[in-house]
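Undergrad: Checked TrEMBL, it gives:
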- 245-383: domain 'Protein kinase G tetratricopeptide repeat containing' (DOMAIN)
- 35-68: repeat 'TPR' (REPEAT)
- 103-136: repeat 'TPR' (REPEAT)
- 137-170: repeat 'TPR' (REPEAT)
- 172-205: repeat 'TPR' (REPEAT)
- 206-239: repeat 'TPR' (REPEAT)
- 381-414: repeat 'TPR' (REPEAT)
- 450-483: repeat 'TPR' (REPEAT)
- 484-517: repeat 'TPR' (REPEAT)
Amino acid sequence: MRKLLFKLFFIYIFSVFFLYPPKALANSDLDHSASYAYFMKGLIEKANGKFDEAERSFKTALKKDPNEVNILKELAEIAIHKKNFNEARYWAEAVLKQSPNDVDTMILLARIYVHSNRIKDAIEVLEKALDKAPGNTQALFFLGNIYMEIKQYDKAIDVLERSLKEETQNSFMIHYYLGRLYFDSNKLVDAERHFKKAVQLNPNMVDAYYGLALIYKKRGDVEDAIGAFDTYLHRRPQDLKARDDYIRFLIDAGRNEKALKEIDEFYNQDSSDPRVGFRTIGYYLDLGQYQKALEVLDRLQILFPDSPQLHFYRGLALEGLGQKDKAKHSYEKIREEEPIYILARIRIAKILKEEGDYKGALHVLEEVESNKNIAHRSQINEVLLEMALLLDEIGRRDQAIETAKKILETDPENPSALNFIGYTYAEMGIKLGEAEDLIKKALKKRPDDGYILDSLGWVYYKKGRIGQAIEVLKKAVSRVPDDPIINEHLGDAYYKNGDYDEAWYQYEKSLRLFKQKKDKKRIKEKMEKAQEGQEDFMLF
């Protein structure tokens, strides 16, 4: 292309100065010819990336021929390239003064407005362009993208649907963007239709596979999501964000073996990138792969020996391996000015509680709560909640409730505190009306939280509303199937309702899940009563 431009330039110079002798040319013709020569020179310089030289050539050409709009357009383009957006706007507006119906320049001006963050002006000029050329796909596509970026999805969809009627060559891109818009609007059926159409029109439109993967992930269509993710990542193996989404999806779906394979792929893509290493450790911890987490930690801590995040991760891994003293030592390395300090102290308190040192655990939490010099005290409510749970466990329920109420002083909508107070009232058999109100308030914040659903079901049980209790507790079990207390509560509700078979079944599940001997003993006694109830019913 550059060679062609050079040839054209020299052919033009030859034709002007040799075929037409200077005396034969009028001054205006000479100016126009000189302008064109400088214009061609500017194009060549621009093609070679010499933007300063090109700008000088175009400005010289403009002096010779001030009304030539093509020169003005080139100057606007160069100003955009140099991020001189005020100057670019000046040149574009100069074009429109001479050619007010020039749609291409209107689109150029819209680009300048977007670069200058004048979105409203960009929309206005594009609407004017579409008034003059309703079928201009470039203007439609640009306007649709602007609406998409500012999250005016309905307008974006309307504009892109209009452009789809006009455009045929690049319609796969329009289908792709419509898929994104419908996805962001939570219209998954329409999103799927457009992503599939994009792939049909252009099998290399790999981003559409990612869109399909996110749709299937959102729906819970595990196999379809896996297929779409695999197709996308086969084409774009370096897309770490997509692989991150995929791994998280696989973990949530319980596909741990495949997740581990993807984690290894994720880490091997760029093991030298600390961000990849940090994320990999988090994955391994989520999957209980504590030894693998430590292997990556050892490599990273050579580079970041004082990283509080790595000390915290090491503590979690060591806890998982049962090395609690080493875990505490790792947590204790985190200084109080670090954002993660409070969470580290909570972990130490949990370890002490598990070891039966309730006094030591409470001391750690009280020390944090009373230390006003700790940075990032926004996390202090987590300390108060942990204190409340600990106080409840050692039988100091009134104090536990008062501690949880401190959370509500600074965060009245805190669902964990609301749920704790409501559930504790239910356990004590007091203030059941207030307990129900508190728990329902918490449920508005987290409607799918199995533990809050369990609390509401337990309040209904305590109020004698057994039918409602069973319905809510069944939902709670579906959300958290492996919690022994929730299964026990559902068993109690079934027993109270005379459904001894169902009660025994729930107790049996609870027995398998409990670890402590005292809990197992209590459940076995309930199972015996349920068995007796079954036998009495059969005799009757």
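Each Cβ is built from the backbone N, Cα and C atoms, and glycine gets one as well.
Automatic, uncurated: that is what TrEMBL annotation is.
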Undergrad: Residues sitting near the repeat 'TPR' (206-239): Cβ under 8 Å, six or more positions beyond its termini, same chain?
TA: 175-176, 179-180, 183, 188, 191-192, 195-196, 198-199, 245-246, 249-250, 253, 255, 258, 265, 269
Undergrad: Which bits of the chain, at least 6 residues beyond where the repeat 'TPR' (103-136) starts or stops, bring a Cβ under 8 A of a Cβ in it?
TA: 69, 73, 76-77, 80, 83, 85-86, 88-89, 92-93, 95-96, 142-143, 146-147, 150, 166
Undergrad: For the repeat 'TPR' (450-483), could you work out the same-chain residues 6 or more beyond its ends whose Cβ comes under 8 Å from its Cβ atoms?
TA: 415, 419, 422-423, 426-427, 429, 432, 435-436, 439-440, 442-443, 489-490, 492-494, 496-497, 506, 513
Undergrad: What are the DSSP helix/strand/coil residue counts across the repeat 'TPR' (450-483)?
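TA: Per DSSP, the residues of the repeat 'TPR' (450-483) fall into 27 helix, 0 strand, 7 coil.
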